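Below you'll find the structure, written out as structure tokens, and then a few comments.
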There are 2 protein chains.
Amino acid sequence: MSDKPTPLSGFPELLPEHRVVERAVIASLSRTFELHGFANIETRAVEPLERLSKGGEIDKEIYVLRRLQAEDSAGDSGLALHFDLTVPFARYVLEHAGKLEFPFRRFQIQPAWRGERPQEGRYRQFTQADIDIVGRDTLGFHHDVEVVRVMAEALAELPLPGLSIQVNNRKLIQGFYRGLGIPDVTAAIRQIDKLDKQEPGAVVALLVSEAGASEEQAWRCVEMARLRTSDTVYLREYVEGLGVEDELLATGLDELVAVVDGCAGVAGERVRVEANLRIARGLDYYTGTVLEIFLDGYERLKSIGGGGRYDALASDGRTTYPGVGVSFGVSRTVVPLLADGALAPGRKVPSLVLVALADEESRPASDAVARALRSRGIATEVAASPQKFGKQIRYAERRDIPYVWFPATDGSDGTDGGTDHQVKDIRSGDQSAADPHSWTPAEETEK
Amino acid sequence: MSDKPTPLSGFPELLPEHRVVERAVIASLSRTFELHGFANIETRAVEPLERLSKGGEIDKEIYVLRRLQAEDSAGDSGLALHFDLTVPFARYVLEHAGKLEFPFRRFQIQPAWRGERPQEGRYRQFTQADIDIVGRDTLGFHHDVEVVRVMAEALAELPLPGLSIQVNNRKLIQGFYRGLGIPDVTAAIRQIDKLDKQEPGAVVALLVSEAGASEEQAWRCVEMARLRTSDTVYLREYVEGLGVEDELLATGLDELVAVVDGCAGVAGERVRVEANLRIARGLDYYTGTVLEIFLDGYERLKSIGGGGRYDALASDGRTTYPGVGVSFGVSRTVVPLLADGALAPGRKVPSLVLVALADEESRPASDAVARALRSRGIATEVAASPQKFGKQIRYAERRDIPYVWFPATDGSDGTDGGTDHQVKDIRSGDQSAADPHSWTPAEETEK
């Protein structure tokens, strides 16, 4: 390899100091999910193509694997990279159902791949963090409230700007459309989902042409979609005041109120859970709760997460597995926020101490100091070469290592009356005698 | 999806209780690497094909990506999945060199993909844990000692059977072969590497036919390769007693002695670092230290790790980046050891407490107990449905949740003179009153 490589568009890679931030985000999410009893799994990166390809829009973006020098003519392996974590999880549940306990709650934090046109927040490889709860045959509605609450708490722990989890309910939409008398309710949901990109008038035209709605019906759909509120008393009054009577609408409204009320105040000021009757989620399989997540001040990224209830996440013909889940876009959030400085980089190396090296012969003495510090959990490295001490201090500075350790020149461990070890805090310049078997760094550098 | 999926050969997937073990292994490795100042990075899963394909054996195993419905006829994206973490790391160093500090020490724990025939310990998707130190222009030899030592310490922290890190040195082999007068030293190294699979006589024949050695030279090569010892005094005597004089041989011997001596005793009894003059590593780019890792009692898995020194890991034509590193096969080790019970599974869920549910109306009271426990870091879930308490206890048992909490029936928090909360250790059957704001589980369940 003798050429300088150029970055691959759509495949962001982080420098070490940025990767620290991504890892902290993943660790924090994992901690919250585990506090709520979610078990971690990973699925393989590939699925049989026929499990991924549904003939829809997403098909264009699927990466199929081919062996470079396969014996058969086409070379296709029949495998493709997964484009989300939901399809592989559904397959995992079916494949391992006999060995899982239901309701099964899992979290999964892995990359997925889509060959779409790269843009800010949209990548060809991106990491997602998903939580889902899956039942066998049945799954209580209270789990809808639970997954939203868990994700709200998890996001509240992250160093993000404010954000909103905007919730709706497919039953509410479907019941309203049915009560209105719209001929093709499914088509209408797909059209109303375009309100985030298109003018109301254009969506009305689509509702008329694609869903068979009258112009008046279409405007009432668009009108209803305008409500966004966290006040569930007002929400109920508003929806009931629309003058449409439908059993499904009533159930959907009850569920939506329960999710928003159930999440009230759980995640502090920064994470708001609110009803937004525009949220529809075009994908067909949602059957109740639907939601999307938006980051304040980053509306240009569109939603940074989403999810909902699917009464038939998976089925093996005999048993059906209903599920409810939420997905958070780790790359979609972390990469743009690192790029514009909204997330501060971490330290370039984990080391808290650089042990200086007087000359190559005293490397064993420096190694011994490092070993003593590490045995007490203090990340430590030894200088690579015996440069002048000023150079070694600059070496530490360039790596954000806060302390430089100067071993006792007689090789003693500082406890037996020999010369002292010295440790220098290179941020303050303070230097003092220290014992490698008892010294600890000041609190603030422990993060 | 209405069919029951079958497992994909070569793509192992873990149940939650097995994934706990894999995560613990990864966390432990990461902790040791960070204690030694290694920074974490991840590279994207794909590289341009021309960077991966070298026309060698490995080419057959490369998975190339093709967009399912690409506009161009072939559809090939020009991208392929990486088959190790070394090639992507070399590319990362070149691409980001201006923003890295050298010597750059990084660890990387990620999957790689090879379309090879699956067998025990050999998978089509597998996770590796790599550490490398890379310099700009130069890299001190002491880093060879360091990476072996760090990996030895990291492996000693894992719940594995005993294992050996078997070290050799390319300079020693090359110097010996050169001193012997073998015409094609590189070809000879490739042949001697086959001693793990073939009879000595067969390897001798190959040395004669492929490397131009005389039969006597070939037998001396095979003879030398038999030495395996951790006694460096004996090693030095043995090699010097072979009667071949060569400067490179002498340097290689010094380096090998330094690595073995430098690792003596650092990792306890279970992880042995020893010289094995058979280790050659067929790949061409190694230039000094080479090593392979073998697990006691699992010799059938072949090596579970390996690495060495490469004086030109990467080059952009103007600058050369020498490196030294070791790779450990996480999947190759964890998957077979879990399968045969040598590694014990973890708990199926992270929850330590299941809060029982008297009826659906008292869910808020059970939620409040769970919230109080979680606020003190105790992983807790609430029963999915208000079954009879005996059923709820069995629900906890099936999930390996050690404690079941019965909330105070009057909804009090147990501190104001109302009825007591009760907590039951379902392993011992002990049940006692407890306060959700102060109760902590016994130590042994904290793991």
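Using the three backbone atoms N, Cα and C, a Cβ is placed for every residue, glycine included.
TrEMBL: automatically predicted annotations, no manual curation.
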Per TrEMBL, which of A:Arg67, A:Arg114, A:Arg149, A:Arg300 sits in the L-histidine site along with A:Asp84, A:Leu85, A:Thr86, A:Gln128, A:Asp132, A:Arg281, A:Tyr285, A:Tyr286? A:Arg114
Per DSSP (helix/strand/coil reduction), A:Arg281 (L-histidine binding site) sits in coil
With H, G and I counted as helix, E and B as strand and the rest as coil, say where DSSP puts A:Asp84 (L-histidine binding site). coil
For the compositional bias 'Basic and acidic residues' (A:418-428), the DSSP residue counts stand at 0 helix, 5 strand, 6 coil
How would DSSP class A:Tyr286 (L-histidine binding site) in three states? coil
Quick note, A:Tyr286 (L-histidine binding site): same-chain residues at least 6 apart with CB under 8 Å of its CB -> A:Arg170, A:Gly308, A:Arg309, A:Tyr310
Neighbour-count leader, CB within 10 A, binding-site residues: A:Thr86, A:Gln128: A:Thr86
The average per-residue pLDDT within the domain 'Aminoacyl-transfer RNA synthetases class-II family profile' (A:21-345) comes out at 93
How big is the L-histidine site in terms of the longest C-alpha to C-alpha distance among A:Asp84, A:Leu85, A:Thr86, A:Arg114, A:Gln128, A:Asp132, A:Arg281, A:Tyr285, A:Tyr286, in angstrom? 22
